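What follows is a single structure, written as structure tokens, with notes after it.
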Amino acid sequence: MIPKDHPRYRSLVARERIARCAREGIVAPEGLAAHGRGEAFDYLIGEKTIESAALAARTAAAMLLSARHAVISVNGNTAALAAAEIAALQRASGADVEVNLFHRTEERIERINRLLTEHGARVLTGTPERIVPLSHDRALSLPEGIGDADVVLVPLEDGDRCAALREMGKAVITIDLNPLSRTSRTATLTIVDEVTRALPAITAACASLEPGEAERLIASLDNTYLLRAAIDEMRERLAHALE
Ligand code: PTJ
């Protein structure tokens, strides 16, 4: 039992959840390492939503609501940390939810589908095909889901799928605490924030965009600016860390 007054309470609760979900076969063992890397970058932004990430979350809402067909792609870490937040964003944005795994087994797909459904998400099911041009199992997608989407949200992605989806002509939104990752740099839009803060921010923005704001946000989207702003924030915090 983690005491509520522990200074690292939120972080310890997230760790406990990720570890439990790893034992239950929802999170891949490799997902624990991915989580640790995320934590390190979260330290560098002060474990809070920075201004540029808030703008990115609002732009993500604009993109999801303006899409012909938006799909939220969910992996083990995202399901473990944010199943309820995924369901809430699906309700607010009307996006489809599809499970797509790097360390893919039918058993994990099944467990993650169940967890998301228990939290109120409607998960697409069907027969996956090798739609995305990749040699590993992340290629496996539903023709009526990611295959048909024009906008795909891929939280905590692992590198080359983002580029492959973009080559297919899709717009890719990612949530990644590491602004230097391949995914962050190849996505159409990167939200440099922790997934459990970023998803509710997108959901809230879906309900509060002013008339004409979506078009304005999409027209002024500049991912290099957003990544640079996140790196500047980290640099600034490091420079003043011991003051
Ligand atoms: O469930 P699977 O089989 O699909 O596997 C999922 C993982 C996450 C293991 C796989 O996609 C992977 O190995 O990812 P990477 O290459 O470690 O990339 C994950 C990225 O997400 C890294 O850049 C981390 O910094 C970042 N990250 C980790 N935790 C969080 C995060 N970003 C936002 N919020 C987090 N909680």
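Just so it is clear, glycine is given a Cβ too, placed from its N, Cα and C backbone atoms.
Cross-referencing Arg37, Arg138, Arg197, Arg216 with the ATP binding residues that TrEMBL gives (Arg15, Asp176, Leu177, Asn178, Arg182, Thr183) picks out Arg37. Only Arg37, Leu177, Asn178, of the binding-site residues Arg15, Arg37, Leu177, Asn178, Thr183, place a Cβ under 6 Å from an atom of ligand 1. The Cβ of Thr183 (ATP binding site) lies under 8 Å from the Cβ of Val154, Glu157, Asp158, Gly159, Cys162, Thr174, Asp176, Thr190, each of these being in the same chain and 6 or more residues away along the sequence. Counting only residues at least six positions away in the same chain, the Cβ atoms of Gly159, Asp160, Cys162, Ala163 sit under 8 Å from the Cβ of Arg182 (ATP binding site). Summary for the binding-site residues Arg15, Arg37, Asp176, Leu177, Asn178: the Cβ-based neighbour count within 10 Å is maximal at Asp176.
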